[in-house]
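Chemist: Input: one structure, supplied below.
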Amino acid sequence: MTLAGIFIGGGLGAMLRFWLGNVITAKTKGLSLPIGILTVNILGALGLGIFTGLHVANASVSLIIGTGFFGAFTTFSTFSVETIQLLMAKRVKESILYIVLTLCGSLFAFWCGWTITI
């Protein structure tokens, strides 16, 4: 049952990431950073922070939402690909900014989400 829930939660998270990332990317065309995945990762960290701060006692629910949904909604692999693409295009300043914004923004968003629920 838990594995099926993680599968479903992961599928929903991945579909939402795909949709939202594409919507944001389309609306921010021409900017020098991949804003779609940056936004998705920060929102995902905020959501996971809120969820973690709620201290859900049911282990299955925690796995389905935390590991499944938020694990699939956020994406370190796409962040890595986009960073390397920026570097290969010799856009070093943009790649450094993207790394800093993603890591610091995600950590801060998680902390904010977690803090407001405790």
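Keep in mind that glycine also has a Cβ here, set from the backbone N, Cα and C atoms.
What you are looking at is a predicted structure, and each value in this text was computed from that prediction instead of being measured.
Swiss-Prot feature annotations, pasted as is:
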TRANSMEM  4-24  transmembrane segment
TRANSMEM  31-51  transmembrane segment
TRANSMEM  61-81  transmembrane segment
BINDING   Gly71, Thr74  Na(+) binding site
TRANSMEM  96-116  transmembrane segment
Chemist: Using Cβ atoms only, which residues of the same chain lie under 8 Å from Thr74 (Na(+) binding site) while being at least 6 residues apart in sequence?
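Modeler: Non-local contacts for Thr74 (Na(+) binding site): Gly13, Arg17, Val40, Asn41, Gly44, Ala45, Leu48, Ser106.
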Chemist: So, taking each listed stretch (4-24, 31-51, 96-116) in turn and counting its Cβ pairs to the transmembrane segment (61-81) that are under 8 angstroms, which one gives the highest count?
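Modeler: Most Cβ pairs under 8 Å with the transmembrane segment (61-81) come from 4-24.
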Chemist: Taking residues 6+ outside the transmembrane segment (96-116), which of them lie with a CB under 8 Å of any CB in it?
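Modeler: For the transmembrane segment (96-116), the list is 33-34, 38, 41-53, 74, 79, 82-83, 86.
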Chemist: What number of additional C-beta atoms lies within 10 angstroms of the C-beta atom of Gly71 (Na(+) binding site)?
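Modeler: If we count other Cβ atoms within 10 Å of Gly71 (Na(+) binding site), we arrive at 19.
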Chemist: Which secondary structure state does DSSP assign to Gly71 (Na(+) binding site), in the simple three-class scheme?
Modeler: helix
